[in-house]
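Undergrad: Quick one: the structure is below, and I'll ask about it shortly.
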Amino acid sequence: MAAATGALAADPVKVGFVYVGPVNDGGWSQHHHEAAMTLKEHFGDQVELIEQESVPEGPDAERVMTQMALTGADIVFATSFGYMDQVESVAAKFPNVKFEHATGFKSGPNFANYSARFYEGRAVMGTIAGMMTESNKIGYLASFPIPEVIRGINSSFIHAQKVNPDVEIRVVWLNTWYDPAKEADATQALLEQGVDVILAHTDSTAPLATMEKSGGYGFGQAADMAQYAPEPRLSSIIDDWAPYYEERVQAVMDGTWETAATWSGIKDGMVGIGDFSDAMPDEVKAKAQEVMDGIVDGSYHPFTGPLNKQDGTPWLAEGEIADDGTLAGMDFYVEGVTGDIPN
Amino acid sequence: MDISLINLIPLLMAASTPILLAGLGELVVEKSGVLNLGVEGMMITGAITGFMAAVSTGSPALGFLGGAAGGAVLALVFGVLTQGLMSNQVATGLALTLFGLGLSALLGQSFTGLKPPHTPDLHLPVLSDLPVIGPMLFRHDAMVYLSLVALVAVWAFLRHSRPGLILRAVGENHAAAHALGYRVTRIRLLAIVFGGAMAGLGGAYLSLVRVPQWTEGMTAGAGWIALALVVFAAWRPVPLLIGAYLFGGITVLQLNMQAAGVNVPVELLSMSPYLVTILVLVVMSALGAAAGAPGSLGRAFHASR
């Protein structure tokens, strides 16, 4: 036993993490980084972390991952959608290194993808937004036109509309994951247009900081962002990657790692819902809890028909549930969302 | 659709203030014949030092002073390297940007998630209460007006003052200015420090007013836009103002149009300020006006030559 531990200690599993933003962005990248820290705590000397932050999506990511593979990484977690093609290319060059890509849809023999069903969280946030808005206009700060973001917009809108048939959604595309000044400007622009509840799909806390200054309600995104509770932050979608990372690294240690496409939601704890703030009336809390409970016990799926596409063509019939394939590649708005998705 | 000038103008002025401040500083630096590509680094350093000063003293005014000081200190490093040790200005400037980004991330580690003291909007008697014009122009925070005052001051200094004339002479032909007995290196150092302070102010405006919080890398390229503005403006203050408001205006306009539910080609609008810059450069060089660039821009000076 002692010998086995000694052997492990001498040869730790090298785990690489690639982040799109700084590890203290207060949101997306920070939560991946914190999960990596938890991983380190869990395994101690058995793992060695190689982290690289603020890596742009594109050729730089390929260089970073190649470097990680060359320095002996056993498994690399690439934590942004835009790394997908680079992961594919590096994974092909290093068949003995395991690659895990967050929120994408491609995979290979040594190339797995994992994501969280954030749309489940969006369903809860959308419900709250629909009930809390007084102007009947809710806003959505969208980053890039990728399926994950489009699912978020659709899920938010569907559930806002369920509790408030008059609600409209205004989507602003920022073409960035992280640009606090632009996120703040866009939030301000939405507020000027009479929007009073805003869901953000970007990584910084700037939207909440702006709402604290100028009014309106928002939500924590990727992180709890509890420092902005009870107002403007009403609740939050929290990413919890740590259990998944532990499971996958353990699999590498045991030699049982296999490629997979993992997609977990609120039930498995990959998507956490932050505390409902006291700015929410009890009936709103109750309704949000009801939606959440339905998702957890499996009695309710956020994309349940009848639902039409934006142009009015039928998508899901009464009671029909969207299949994961369609959701994974979602490239259309549902009926009622205005505007076009940029290409 | 509800887009009106009353909505847009105040947002535009706030969005343009950081690049206007930084651009003004860089304009003076380049007029003295120095090319400092480190604007982004000085801005982000100003953003964090300003934020630190404001949070620890509780005073936004001291925060802005701290931002200016942070930018100025970083600029002084550039000044010593390029003027004292004659290092290459382009390489040093780029290094300054990288250094500033890293330094600010280090300094800011314990400042993420904090809230800065609120910078109040001014309420000017009579003017702020005017219908239409009041909410559009006269209800901003002091820094917006300070940036405009600074613009006029820089214009008057360069155009109508003797020190301004000397500074321009140093930038146009440092050998001649030296022959006339002017202290080229000292004048340039002063210009560099001024440029750093202005960039720092612009950065502090981002972290104290526009966002308002500290996040790593929050300038997100504003320093590079400020640099482009100087060229766009052909090294003249008034076109710089127009350029800054054009850049800020298009950003704000496209976000507002989206928020108002108007279908706009986002990518096209986002790139339009850069397209306009390229067009202006082409037109300027076609008209032979590209000579707006100071003659000694980017060239090292040593009294021995």
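Yeah, the Cβs are placed from backbone N, Cα and C, and that goes for glycine too.
Sharing the feature lines straight out of TrEMBL:
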TRANSMEM  B:6-27  transmembrane segment
TRANSMEM  B:34-55  transmembrane segment
TRANSMEM  B:61-81  transmembrane segment
TRANSMEM  B:93-112  transmembrane segment
TRANSMEM  B:142-158  transmembrane segment
TRANSMEM  B:189-208  transmembrane segment
TRANSMEM  B:214-235  transmembrane segment
TRANSMEM  B:242-262  transmembrane segment
TRANSMEM  B:274-297  transmembrane segment
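Walk me through where these features lie, including what they touch and how far apart they are.
TA: Counting only same-chain residues 6+ beyond the ends of the transmembrane segment (B:214-235), those with a CB under 8 A from a CB of the stretch are 18-19, 22-23, 26-27, 30-31, 37-44, 47-48, 51, 97, 101, 104-105, 108, 111-112, 114, 116, 199, 202-203, 206-207, 242-244, 247, 273-274, 276-277, 280-281, 284, 289-290, 292-294.
Sequence-distant neighbours of the transmembrane segment (B:274-297) (same chain, 6+ residues past either end, Cβ-Cβ under 8 Å): 30-35, 168, 170-174, 228, 231-232, 234-236, 243, 246.
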Undergrad: Counting only CB pairs under 8 A, let me know which of B:6-27, B:61-81, B:93-112 has the most with the transmembrane segment (B:142-158).
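TA: The stretch with the most close Cβ contacts to the transmembrane segment (B:142-158) is B:6-27.
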Undergrad: Quick one: do the transmembrane segment (B:242-262) and the transmembrane segment (B:6-27) reach 3+ CB pairs under 8 Å, ignoring pairs fewer than 6 apart in sequence?
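TA: The transmembrane segment (B:6-27) and the transmembrane segment (B:242-262): touching, yes.
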Undergrad: In the same chain, who gets a Cβ under 8 Å from the transmembrane segment (B:93-112) while lying at least 6 residues past its ends?
TA: 35-45, 47-49, 51-52, 55, 74, 77-78, 213-217, 223
Undergrad: Mind checking which residues of the chain, 6+ beyond the ends of the transmembrane segment (B:34-55), have their Cβ under 8 Å from one of its Cβ atoms?
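TA: Residues 18, 22, 25-26, 62-71, 73-75, 78, 82-83, 89-90, 92-101, 103-104, 107-108, 111, 114, 116-117, 171, 188, 191-192, 195-196, 199-204, 206-208, 214, 217-219, 221-224, 226-227, 297-298.
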